Structure formats: structure tokens, C-alpha cells
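Taking it in order: structure first as C-alpha cells, then the write-up.
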Amino acid sequence: MSKVNEIIKFAGLNLKNPVFTASGTCGYIDELDDYMDIEQLGGWITKSITLKPRKGNPAPRVVETNGGMLNAIGLANIGVEKFIAEKLPLIRQKDTAVFVNVAGQKIDEYVELASKLSDKDGISGLELNISCPNVKEGGISFGTDPAQIKEITSEVKPACGDKPLMVKLTPSVTDISKTAEAAVIGGADALSLVNTFTAMVIDVRSRTPVLANRTGGLSGPAIKPMAVYLVSRVYQDVAKYAEIPIMGLGGIRNGSDAAEFMIAGASAVSVGTSTFASPDASLRVADGLRRFCESEGIKKISELTGSLN
Ligand SMILES: Cc1cc2nc3c(=O)[nH]c(=O)nc-3n(C[C@H](O)[C@H](O)[C@H](O)COP(=O)(O)O)c2cc1C
């Protein structure tokens, strides 16, 4: 029996531990239900959901890189009605926090999604995806402009009822503290950072980009030091004063990576790309974080948050 207290308070929720799965890398729960005990996780963040089903971008839409991967999935998903009818019943049975990630092209679409989802049992909170680099409208175009972030957050927040709203930030900005501050002023209950970094891989023989979308989002261990820096920036400049928790992510593979994000200022962490290498990577991260705390004599995992010297 672990001597470490893992209970984490996050945007009004009590989590069993601070480790989540990251949006878009673990589907809607049923995909990984046979591979791991989902209830041992702090929480789950679903793939982005839009009002209407989306096919996403043409293939090829993923490519491996040194220490990571590029994806340009383009928010392929089953749409909110099918999500509610087919995926929510299983989600509801799971005793773990579930954030539903929502995406759209117009503010009204985000508001409609939030009102369709926020009155449903089994959903703990919503994550606003305003940072997808792989779609033409919405996505990252909202997420790079503080004025639009404030507007969309303040319009979606009332549609969330009593459920917390987490805003997912893009790293592809000059000053992430400005976008974080805009989300907080708009009423965000939590911030998640980071989404992928816009990037390109070129086939040198054909001299064409490898991805059909030409560009994609870089994720995985290659982005971890940049993501840790951005979490630290937002914690020091915004989150610490506003008392807004941060969900940190970007290349987390093990307990020590998770601890690094928490020391930088994250209250919880998510595991994305590592899941493609091993489906139960998030559980291993949770276990590794527990063992790290034991070996360091840390009694409460939450003590790590913002403990950077
Ligand atoms: C294949 C793939 C699909 C993704 N789809 C989404 C998505 O639908 N919505 C979203 O907000 N983020 C999406 N992301 C971004 C991840 O949630 C995460 O922010 C990013 O990959 C960094 O974490 P990681 O390095 O642990 O993967 C996706 C990432 C990958 C690799």
C-alpha cells in the first residue's frame, strides 16, 4: 500500500491521482477499456468532438520524427449526437473524471456543444480546444488571439452549468502568458497546455511535404522541454495568482517527466503520444509518479506543484 496521498483537487473535482489521458490519443474510453483499468487513472480527456461528424484530413496524416510524431488528423470524430448515444453510456459507468474536449469553427458551435454536454451525467468537465493546428477555421485561429480567447471562453462558460471549463492553449504564440490570461479573464476554471507545435516534414526526393495537409502538429518527447517551460511561464505569470490549476502535457513518458511538469506548476498531467508506443502508458506514468514521491519522501503529490527552486 502506497504511503503517498494522491488525491488531487482540480477545478473543483477530487481526482484519484493527477494523471489523465490526452485528447485525441485515446479515443472515447471504449478503445482502451480492454488494455487497462481506466478507473486507476485520475481522469480521461476524450478526443475532440464537434457538432457534426468529421472525416478529418486526407492521408497520410501522421509521420514519425526523431523523438516524436507529426499529426494532421483534422479533428476526425463521430459528432456529438453519436458520442452521447454510443460512447457516453460506458463513460458513465467508469469511476474516473472525464473531460469532453470540444471543437468548432464558430463560437456558437462551441456554445451549443457545451449546452448539449453539460447536463449529462458521467461528464466531469469540458475542455475547449482552441488550439488545433490542423483545421482551416476555428481551432488555432481562435487560440492565438487573446481577444477572441476571452470572448469564446466567456460565452461558453455559462453553457457549462456547474461543470468546470478547461481551456487548452496552443504553444504557437509569441507570449503564452497573454493567451493564458485572456482565458482566465474569460472565466476558465483550468488551463491545459500544450497542444502540438506546428511543424513540417519534407520528403527530400520528391521535395514535397510528407503529410497531405503539408503541415501537422509535433508531439512526443521532442517537445517536452518547451512544454515544461511554457507551463512554468504560465504558472509564474498567471495561474499562481489567479489560483487556476494547470493540466501539463507534452512528451510525458514516465513518472519523472510528470514530476517535472508538476514542479513547473502543473496540478495534473496528461499522457498523449506515449500511448501509441504502449496503450497503458498513462497508468505507468501514474505508477512512476507514485514511486518517485515515495523515493523522495513526498507525502502528498500536490506538494510538487509549483515547487521549482
Ligand atoms: C494523433 C493525435 C491526435 C490528437 N488529437 C487531438 C484532438 O482531437 N484534440 C486536442 O485538443 N488535441 C489533440 N492532440 C494533441 C494532444 O492532446 C496533446 O496536446 C499533444 O499531443 C502533446 O502531448 P503528447 O506529447 O503527450 O502527445 C492530438 C495529438 C495526437 C498525437
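For all residues, glycine too, the Cβ spot is worked out from N, Cα and C.
Curation plays no part in TrEMBL annotations; they are all automatic predictions.
Under the heading domain 'Dihydroorotate dehydrogenase catalytic', TrEMBL lists 9-291.
The FMN binding site annotation in TrEMBL covers SER23, LYS47, SER48, ASN101, ASN129, LYS168, VAL194, GLY220, GLY250, GLY251, GLY272, THR273. For GLY272 (FMN binding site), the number of other Cβ atoms no farther than 10 Å from its own Cβ, over all displayed protein chains, is 26. Reduced to three states, the DSSP call for GLY272 (FMN binding site) is coil.
Look at TrEMBL and you will find LYS47, ASN71, ALA72, ILE73, GLY74, LEU75, ASN129, ASN195, THR196 tagged as substrate binding site. Secondary structure at LYS47 (substrate binding site), as computed by DSSP, is coil. Summarising the environment of LYS47 (substrate binding site), the number of other Cβ atoms within 10 Å of its Cβ, over all protein chains shown, is 24.
Per TrEMBL, active site, nucleophile is recorded for CYS132.
Closeness to ligand 1 is met by SER23, SER48, these being the binding-site residues among SER23, SER48, ALA72, GLY74 whose Cβ falls under 6 Å from the molecule. Rounded to the nearest whole angstrom, the C-alpha distance between ALA72 (substrate binding site) and SER48 (FMN binding site) is 13. Residues listed for FMN, SER23, LYS47, SER48, ASN101, ASN129, LYS168, VAL194, GLY220, GLY250, GLY251, GLY272, THR273, cover a largest CA to CA span of 20 Å. The average pLDDT computed for the domain 'Dihydroorotate dehydrogenase catalytic' (9-291) is 95.
In the structure as shown, the Cβ atom of ASN129 (FMN binding site) sits within 10 Å of 30 other Cβ atoms. The least crowded of the binding-site residues SER23, SER48, judged by other CB atoms within 10 A of its own CB, is SER48.
In the three-state DSSP reading, ASN129 (FMN binding site) counts as strand.
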